[in-house]
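Below is one structure, written out as structure tokens, with a few remarks after it.
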Amino acid sequence: MSSISTESSSNLSLLENGGGGSDKPTAETSRRVRRTVSASSLIRKRSDLKLISRVRWEFMRRILTNLQEVLLGTKLFILFPAVPLAVVAHRYDCPRAWVFALSLLGLTPLAERISFLTEQIAFHTGPTVGGLMNATCGNATEMIIAILAVGQRKMRIVKLSLLGSILSNLLFVLGTSLFLGGISNLRKHQSFDPRQGDMNSMLLYLALLCQTLPMIMRFTMEAEEYDGSDVVVLSRASSFVMLIAYLAFLIFHLFSSHLSPPPPPLPQREDVHDDDVSDKEEEGAVIGMWSAIFWLIIMTLLVALLSDYLVSTIQDAADSWGLSVGFIGIILLPIVGNAAEHAGAVIFAFRNKLDITLGIALGSATQIALFVVPVTVLVAWTMGIEMDLNFNLLETACFALSILVTSLVLQDGTSNYMKGLVLLLCYVVIAACFFVSNSPSSKLLF
């Protein structure tokens, strides 16, 4: 459930432009921040403030404006009722499968709003601070779910949800975008900067290495010699390596803009025009910085609450629906939770803006693999819980093949609907694999 911003690669274009920490968003800051066109901007709704402007008291007008922009300023506002319904269902002991479903639906608009609020803060703090916020908090929902699952010692949920988000971005999001983008631009040549794909593929291969070695170590040890401690130590060391790589990735974009892939081009007026996104909204922030920080805290707390419900009821939902936990964690959680982000990537592909699409899909996958996963391992360490990077053979094989297929598809810097179809078919095969897999390992035994 990654945040709905154009993460890592495209968010980091904020870093390339420098930026200050002015209290008020200037026109130059707004221009530079807008260079990272986010998927959330595509599902924004035009706010009609005519009625609010008639309110006599200034303080009340500000409150109503904030409520309208934050709660009603998205096309996903129709899903907000799922948040209180999930709380009520949990409070009054409704079927736990319903609690899971309502929590999953409620997380979709909350994740999008976290992205929106981070974007608003970036307008006020400047592109450097805003870019760092997006680079570290771009997948806040996934991290919250993972940490809560660690607290409940449901390590399989942690690994499935994180791996599912990576596979979803590499195959489903990117595949859908390339397929539909290719069909809608049959008479146009779709191209992108291949350096962006090369950079992210290289980092994903590093993450794959760090996940594969603990699994290999586990298989090479004799059963009577294995106690798990060596694998855990290796996993923690590998986590530090991945974090160093991610930090180097940020620095590379910050200080080596002449070597790194250029930021996605700002779409022309005819490309970014949308009936629900006004020119005024594109000029700068629509709420104040402290209001954005306040709402960001509220949304994060709600995400934590629903994530707790989600983790505690996933096994009950799997039993009720006749599905394996593996299928729910790998397939359902990422698709439903990242629906807004997926839609944004597809829309950019429709508009022949594949660099932005790659920034969303590859950037999110890289951020989860190199930042969220190692942070989760280290947080578990601080909690006195042993978590390793052994994702098991089937999951690791799916990860490796997904990276390989994606890197092959993107190596020449061109796109067509056939490439997207291949990625989608790969995702279908993986989904079918986890759908039919109902082995004891697919149950939560701890």
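Cβ coordinates come from backbone N, Cα and C, glycine included.
According to Swiss-Prot:
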{"type": "COMPBIAS", "residues": "1-16", "note": "compositional bias 'Low complexity'"}
{"type": "REGION", "residues": "1-33", "note": "region 'Disordered'"}
{"type": "TOPO_DOM", "residues": "1-69", "note": "topological domain 'Cytoplasmic'"}
{"type": "TOPO_DOM", "residues": "91-96", "note": "topological domain 'Extracellular'"}
{"type": "TOPO_DOM", "residues": "118-128", "note": "topological domain 'Cytoplasmic'"}
{"type": "TOPO_DOM", "residues": "150-162", "note": "topological domain 'Extracellular'"}
{"type": "TOPO_DOM", "residues": "184-196", "note": "topological domain 'Cytoplasmic'"}
{"type": "TOPO_DOM", "residues": "218-238", "note": "topological domain 'Extracellular'"}
{"type": "TOPO_DOM", "residues": "260-285", "note": "topological domain 'Cytoplasmic'"}
{"type": "TOPO_DOM", "residues": "307-319", "note": "topological domain 'Extracellular'"}
{"type": "TOPO_DOM", "residues": "341-359", "note": "topological domain 'Cytoplasmic'"}
{"type": "TOPO_DOM", "residues": "381-388", "note": "topological domain 'Extracellular'"}
{"type": "TOPO_DOM", "residues": "410-416", "note": "topological domain 'Cytoplasmic'"}
{"type": "TOPO_DOM", "residues": "438-446", "note": "topological domain 'Extracellular'"}
{"type": "TRANSMEM", "residues": "70-90", "note": "transmembrane segment"}
{"type": "TRANSMEM", "residues": "97-117", "note": "transmembrane segment"}
{"type": "TRANSMEM", "residues": "129-149", "note": "transmembrane segment"}
{"type": "TRANSMEM", "residues": "163-183", "note": "transmembrane segment"}
{"type": "TRANSMEM", "residues": "197-217", "note": "transmembrane segment"}
{"type": "TRANSMEM", "residues": "239-259", "note": "transmembrane segment"}
{"type": "TRANSMEM", "residues": "286-306", "note": "transmembrane segment"}
{"type": "TRANSMEM", "residues": "320-340", "note": "transmembrane segment"}
{"type": "TRANSMEM", "residues": "360-380", "note": "transmembrane segment"}
{"type": "TRANSMEM", "residues": "389-409", "note": "transmembrane segment"}
{"type": "TRANSMEM", "residues": "417-437", "note": "transmembrane segment"}
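Within the same chain, residues 167-168, 170-172, 174-183, 186, 323-324, 326-327, 330-331, 394, 398, 401-402, 405-406, 409 sit at least 6 positions outside the transmembrane segment (417-437) and bring their C-beta atoms closer than 8 Å to a C-beta of that stretch. Proximity of the transmembrane segment (320-340) to the transmembrane segment (197-217) is not established, fewer than 3 Cβ-Cβ distances being under 8 Å for residue pairs spaced 6 or more apart.
Here the topological domain 'Cytoplasmic' (410-416) has, by DSSP, the following mix of helix, strand and coil residues: 1 helix, 2 strand, 4 coil. Under 8 Å from some Cβ of the topological domain 'Extracellular' (150-162) lie the Cβ atoms of residues 142, 311-312, 314, 325-326, 328-330, 333-334, 368, 372-373, 376, 379-380, 383, 385, 387, 391-392, 395, 441, 444, 446, all in the same chain and six or more residues away from its ends. Most Cβ pairs under 8 Å with the transmembrane segment (97-117) belong to 286-306, among the candidate stretches 163-183, 197-217, 286-306, 360-380. By number of Cβ pairs under 8 Å, the transmembrane segment (360-380) is matched best by 163-183 from the list 163-183, 197-217, 389-409.
The transmembrane segment (286-306) shares the most Cβ pairs under 8 Å with 70-90, out of the stretches 70-90, 197-217, 389-409. With a threshold of 8 Å between CB atoms, the same-chain residues lying at least 6 positions outside the topological domain 'Extracellular' (381-388) that come near it are 150-151, 153, 155, 158, 214, 228-229, 231-232, 234-236. Counting residues per DSSP class in helix, strand and coil order gives 2 helix, 0 strand, 6 coil for the topological domain 'Extracellular' (381-388).
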